[in-house]
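To keep things clear, I will list the structure first and then write my remarks on it.
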């Protein structure tokens, strides 16, 4: 018996020492205060939300989970596998001893995310539905449901971002893990959303998240990260999009106006794209690969150029609209900051200038490649995410 107790004490101590750097040392007063707060964790069936729930329990909160189903397409292993995700979320909830609620937001997702996705592609732009999903579903529908129906004090998610209160105002900061920082996807949050949301793994790196999950015996510890767009799943993008938008074939031209091929629809192509153009083997043009360098929407023409450094792939700046600022005010005069025009991109030094029409003009310190209308431009001041907007056009 003594040996068993000694072994148990050793394991408990090792586990405690392992997780303490990631959950922070809390005073008795803080633990007592947290025990009066109810937190609803958005649980997706992945490792990040699983560990988020675990950490919040260690911090003394009253924790419950919520599984959201946002798409009504047939779920099976080939597509979104929502049934498997729910099963994993329930297994984690059972392991942690917490309640798991379920909610269907498919109607809200269709109206506010998917229809936007289709309209943008119909216009020849390249949208990011994950950003719209965060804005309309996770930090609107979910937040409202948790507060009104489940009487939550906070919601929590497994996003790799941090928050900080300064002079009574909430800031959103990049996640500590540079490889996983997700502030790019959350720039539409206002400071009131940031104040109502806990991000338990924002100051942890992904390998440590998996280690914590494994130490605690959570079934999701080795589950692959979700990638791509859930409602498309493993299907070919062109096959999926053609179910909802009619193809509009047109010609492919060089920047000089020479016709060299046919495309099936501008919506299937994005700036900087190399694969899938079906225009190889033309000896008179040499061996350099072709890239999409522009779209002429008025003529329904796809413009391609040769070489990864073709001049028309580069822009000196951009115009952004549909702006969201975390502090809800934004800059009123030109400012130096940095911008990302796509996820996991290195910061681009720039000058941001508010325009009279409500847009912003962004000029890069150095020319940038494949700035794509429809994508988001997200602005930073050191580690603080200021906000962002949709790229309306590029400046060459």
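Even glycines carry a Cβ here, placed using N, Cα and C.
Long-range Cβ neighbours of residue 133 (active site, nucleophile) (same chain, at least 6 residues apart, Cβ-Cβ under 8 Å): 70, 109, 113. Marked as active site, nucleophile by Swiss-Prot: 133.
What Swiss-Prot lists as active site, cysteine persulfide intermediate is 230, and the listing cites sequence analysis.
Classification of residue 68 (ATP binding site) by DSSP places it within a strand. Per Swiss-Prot, the feature ATP binding site maps to 42, 43, 44, 45, 46, 47, 48, 49, 68, 158; the stated evidence is sequence analysis.
DSSP assigns residue 133 (active site, nucleophile) to a helix in the three-state reduction. Look at Swiss-Prot and you will find 133-230 tagged as disulfide bond.
Sequence-distant neighbours of residue 159 (site 'Interaction with tRNA'): residues of the same chain at least 6 apart with a C-beta under 8 Å from its C-beta are 48, 175, 182, 185, 186, 199, 201, 202. Taken residue by residue with DSSP, residue 159 (site 'Interaction with tRNA') is part of neither helix nor strand, so it is coil. Residues annotated as site 'Interaction with tRNA' in Swiss-Prot: 159 (among others).
Within 10 Å of the C-beta of residue 375 (site 'Interaction with tRNA') there are 24 other C-beta atoms, taking all protein chains into account. Positions annotated as site 'Interaction with tRNA' by Swiss-Prot: 375 (among others).
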For this session: Return the residue, from the listed binding-site residues 42, 46, with the maximum count of other C-beta atoms within 10 angstroms of its C-beta.
Result: 42
Exercise. About how far apart, in whole Å, are the alpha carbons (Cα) of residue 46 (ATP binding site) and residue 375 (site 'Interaction with tRNA')?
Worked result: 26
For this session: State the count of C-beta atoms found within 10 angstroms of the C-beta of residue 48 (ATP binding site), not counting that atom itself.
Result: 25
For this session: Can you see whether DSSP assigns residue 375 (site 'Interaction with tRNA') to helix, strand or coil?
Result: coil
